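K.L.:
Per TrEMBL, the features are:
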type     : residues : note
TRANSMEM : 12-30    : transmembrane segment
TRANSMEM : 37-55    : transmembrane segment
TRANSMEM : 85-106   : transmembrane segment
TRANSMEM : 118-139  : transmembrane segment
TRANSMEM : 159-184  : transmembrane segment
TRANSMEM : 245-272  : transmembrane segment
TRANSMEM : 292-312  : transmembrane segment
TRANSMEM : 324-347  : transmembrane segment
TRANSMEM : 359-378  : transmembrane segment
TRANSMEM : 384-403  : transmembrane segment
TRANSMEM : 415-433  : transmembrane segment
TRANSMEM : 439-460  : transmembrane segment
Amino acid sequence: MGTVLKSSLVNLAATFVSMLAGFAVSILNARLLGPEGSGLAAFALWFAASLSALADRGMPQVLLRSLGASGSQPRTEWQAIARTAFSLFSGPVAAVGLATAAYGLWVWHDEGREPGLFWAMTLLLFLLYALSAFSTAAARGRGNFRETALSTVAGSLLQLPFIVAGALFFGAAGAIAGMAVRFVPQALRLRRYVRFAAPPRPESLTPDMRRHARQMWLSDMIDVILVTRIELVLLGLLFSTTEMGYFAAAAVFAGLVGQLALQLSPSLVVGFSRPGMTEDMQRTLFTQAMRLTALAVFPIGFGGAAIVPHLIPLVFGADFAPAGTAAALLLLSSAIGGIAVVPWTYLAATGGSGSLLRIMAGSAVTTVGFLAAAIWLAGLNGAALARILVEALTLTLLVNALAHRDGPVMPLATLIRTALAAGLCGLTAWATARALPGWPGVIAAIAAAIPAYLAGLRLFGLVTAGDARTLLGFRAVRRLPGPLKSVLASLLRLVARRR
């Protein structure tokens, strides 16, 4: 658990920077492009991620799982897996890229320069996104979490000036080109894992690897294309790109929670599939991961939902005020989706990719049905409410799959206590934000919610003395300045449960 937790903390530290940068990107797009332009930028990112999921054939998931399990193998063995996987990955990526380029040229000829430029930059975003995803999976599969963390930080910060310049000079297309810069640092590290001069060795991918790739490929396609952000497409079809912009703004804060939870996934896949992991060790890791994930995402989801209706117009501008209620609902849904990452990861790492495929297929059908009806009846807020129902259903299906496989049991009592502590945090934030208008109310709400959550942690006994000792023992914590380390130690002693 210690190694996995350290890897997760490295990812989380990088994710914190990435989250702040992503938040800044959303603000820049909203302020510089308005609701319609920011909706186009959000659609381009969804489209690039969807094309990547369509074209990658599940190869990144194979690298994440198989390279992590081959730590004792010679270098040539894991390099053969990576080279062969890339040969299966690169052909479809090139084909999809050519098809997108052809469509972009037709649009340029038929509709003019601006729409054509939009599709050209969306193509660039797709190619860099796909290469970066492959390189990231290889790096994490080999346990190089520090490398991916540094690349994440570099790309997240590097994109900001390019987005500003691109949006000012070229509108939505320029902003999309700036967003593509985010994926350049890790894409450039691809040569470290793939020996392009070596021929592929098809026999290096075992039948089990290929089966896992097929099942995870289908699951990821369903998840990314139909489950994750299909609201953007439906809102664009049934309403307008302005509604897409509202939803993109509403989803920003929920997306931050999702990123936080998803950064646990790679290290957990490596941890669950590591050689020598017994069932008891996997169950212990599962329980601890569920507990820590809930401790991280519940207060952000509940507390954020309380203040985000006041925050949206302050951050994105008064034009985005209609997105406030939807943003609150999406933050609540993100708390459910956040803890669902752990059972999803367990199934992905322990041969349950077939179960995941069935779950994602069921979720996709439900998602499209719920969302189409909800958007038709209630527009933006209907989409957000349907998202809560979909996330709850998906979590239920994942828990059911664990039970059928005699897998770990969900720590329901711990999750309920954590939800109560987070509810105390959210209630405090809501009351404070209602009492004070504008920025003073938002700042005061955050300031009041933090001690309320700490009190909830102590009241419901959610942090143990062992947790405190483990956290204080990490090298990064030991390197903190003395006063800051003392404050952290005092807080941990204050909230830790006495046995």
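Just so you know, glycine gets a Cβ as well, placed from its N, Cα and C.
Automated prediction, rather than curation, is the source of TrEMBL annotations.
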K.L.:
May I ask for the residues of the chain that lie six or more residues beyond the transmembrane segment (415-433) and have a Cβ under 8 Å from a Cβ within it?
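P.N.:
Residues 290-291, 294-295, 298-299, 301-303, 305-307, 310, 335, 339, 441-442, 444-446, 448-450, 452-453, 455-457, 459-462 contact the transmembrane segment (415-433) from elsewhere in the chain.
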K.L.:
Please figure out which one of 85-106, 159-184, 359-378, 384-403, 439-460 racks up the most CB pairs under 8 Å against the transmembrane segment (118-139).
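P.N.:
Maximum Cβ contact count belongs to 159-184.
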K.L.:
For the transmembrane segment (159-184), find every same-chain residue at least 6 residues outside the stretch whose CB is under 8 Å from a CB in it, and list them.
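P.N.:
Sequence-remote neighbours of the transmembrane segment (159-184) are 21, 24-25, 28-29, 32-33, 37, 40-41, 44-45, 114, 117-118, 120-122, 124-125, 128-129, 131-132.
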K.L.:
Hey, which of 37-55, 359-378, 384-403, 439-460 has the most Cβ-Cβ pairs under 8 Å against the transmembrane segment (85-106)?
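P.N.:
Ranking 37-55, 359-378, 384-403, 439-460 by Cβ pairs under 8 Å to the transmembrane segment (85-106) puts 37-55 first.
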K.L.:
Go through the chain and flag residues at least 6 beyond the ends of the transmembrane segment (439-460) whose CB is under 8 A from any CB in it; none is fine as an answer.
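P.N.:
Beyond its ends, the transmembrane segment (439-460) has Cβ neighbours at 295, 299, 303, 306-307, 310-311, 314, 417-418, 420-430, 432-433, 491, 494-497.
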